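Under the heading phosphothreonine, Swiss-Prot lists T46. Annotation source Swiss-Prot lists transmembrane segment at 96-116, 119-139, 162-182, 197-217, 220-240, 263-283, 298-318, 345-365, 372-392, 396-416, 418-438, 463-483.
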Amino acid sequence: MPEKLAMSMVDIKDAGSELRDLESGALDTKSSAADVYYEGVELHRTNEFIDNKPSFFNRIAAALNAETKGIEPVTEDEKNDDSILNAATIWFSANMVIVAYSVGALGPLVFGLNFGQSVLVIIFFNILGLIPVALFSLFGVELGLRQMILSRYLAGNITARFFSLVNVIACVGWCVLNISVSAQLLNMVNEGSGHNCPIWAGCLIIAGGTVLVTFFGYSVVHAYEKWSWVPNFAAFLVIIAQLSRSGKFKGGEWVGGATTAGGVLSFGSSVFGSAAGWATYAADYTVYMPKTTSKYKIFFSVVAGLAFPLFFTMILGAACGMAALNDPTWKSYYDKNAMGGVIYAILVPNSLNGFGQFCCVLLALSTVANNVPGMYTVALSAQALWAPLAKIPRVVWTMAGNAATLGISIPATYYFDGFMENFMDSIGYYLAIYIAIACSEHFIYRRSFSAYNIDDWDNWEHLPIGIAGTAALIAGAFGVALGMCQTYWVGEISRLIGEYGGDIGFELGGSWAFIIYNIVRPLELKYFGR
């Protein structure tokens, strides 16, 4: 009883003190209880009726144990992927495919290089392209941000939206090309019997396999990529054995001069684009790894996971390309069905016949492993493009991306595959601009991960505006236009290199973007403070 009486006296004393404060103006009566109340109501309304109520599609995804998280930062409590191996195998499987194999064949078949020159270009430009992928993978571990959300910090909010749009186009476009190549290879199997797979059905098979994996999200993507390289690697070993038995491989003569230099630069641009193309995806595949994970192990795991399959498949592709130049029959298969035709020529007629066709099917299906990262990232890039689009669940965007890919790939394979290939080559140039801007921001201005306030990920008032990023992007685009060398456009500078020109579009685009960004960015910081 004495204790209760004492507490009551204290309460009365405190109430009297507050009343005197109000009378003397010590408390601000304009921003007291009412404001606190409305803030509490708004917070309650937001948490209860928006954040905590999953959408219809997210409820279905959750029931199927699929990933429901979108572009929101992954908190430390949600990080449950402690496998260093996952950081390597995601890229190991994605590049142990016929797409990378086909890129390697461009050296001898398109750019006129011999085998030795092709190998040197493959090694150097792959290393140049894979380092940014390994670097950006560290950001996912440290910050828990998706790659296109991370771009808001690295390139500015406005510029990041543009990169998100280009990334959506790139994800769909590359998957369309990959499906077209695989559908053509499937179509060649059992061609003489009249029971071969129609091209439309081949496109449907590849797209269907891709959506089955990407629908379930991060965990299933990593689980699939951990083992999908095994049959592909085995099929490539069979190609090596049959190529060796054929005796048609010859290294070719070493020739120098300006024309060869132009071929080296153009082939190098294709190789760089294949390796660096994963840079705008990288952080998406490490965001669930704990912050305490060794950054050195992550970096070198990604490097190894990219380097081996890229070196292996591209060098093998270059060897097969050299062999196709030495055999008119193989060359005719290439002219009709590109590198899928060369694979068929090596494995099937006068070779392994039925087993060779089985290997062709395996390699055609390998495209699923290459398309999976693109169709997972396309959903996140679409959400990062515009706030209302982020309200559409990831699983919906994943299915929409796969549907668009299928819808485009069927007519593209029949009618305009050449246009699609040229268009996607042009899209690839933006990678150098993106890397130049992002690396400038991190290493020159932020310098450490502590300079990133994760809570600002969707705050327009705190994120960099993107003035410097946009200026650098425009300048880089001019550099690309002057340096690119494609069948439909040869830049004024690139045409000066050799007889056919030399592609220096990514070198000029990246360097010009780097220069302009570091001229404008200090001014942006000075006048806007962010």
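Using the three backbone atoms N, Cα and C, a Cβ is placed for every residue, glycine included.
Of the Cβ pairs linking the transmembrane segment (298-318) with the transmembrane segment (345-365) and spaced 6 or more residues apart, fewer than 3 are under 8 Å, so the two regions do not touch. Scored by C-beta pairs under 8 angstroms, the transmembrane segment (197-217) has its highest count with 396-416, from the stretches 96-116, 263-283, 345-365, 396-416, 463-483. Most Cβ pairs under 8 A with the transmembrane segment (96-116) among the ranges 162-182, 372-392, 396-416, 463-483 are made by 162-182. Of the two recorded stretches, the transmembrane segment (263-283) lies close to the transmembrane segment (162-182), with three or more CB pairs under 8 Å once pairs fewer than 6 apart in sequence are set aside.
The stretch from 119-139, 372-392, 396-416 with the most CB pairs below 8 A to the transmembrane segment (220-240) is 372-392.
The stretches the transmembrane segment (372-392) and the transmembrane segment (162-182) meet in space: the count of Cβ pairs below 8 angstroms, excluding pairs fewer than 6 apart in sequence, reaches at least three. Counting Cβ pairs closer than 8 Å to the transmembrane segment (162-182), the top stretch among 119-139, 345-365, 396-416, 463-483 is 396-416.
Residues 57, 168, 171-172, 175-177, 179-180, 183-184, 199-200, 203-204, 207, 210-211, 214-215, 371, 375-376, 378-380, 382-383 of the same chain lie 6+ residues outside the transmembrane segment (396-416) yet bring a C-beta within less than 8 angstroms of a C-beta in it. Sequence-distant contacts of the transmembrane segment (463-483), counting only residues of its own chain at least 6 positions beyond either end whose CB sits under 8 Å from a CB of the stretch, comprise 152-153, 155-160, 162, 429-430, 432-433, 436-437, 441, 456-457, 489, 491-494, 503-517, 520-521, 523-524, 528, 530.
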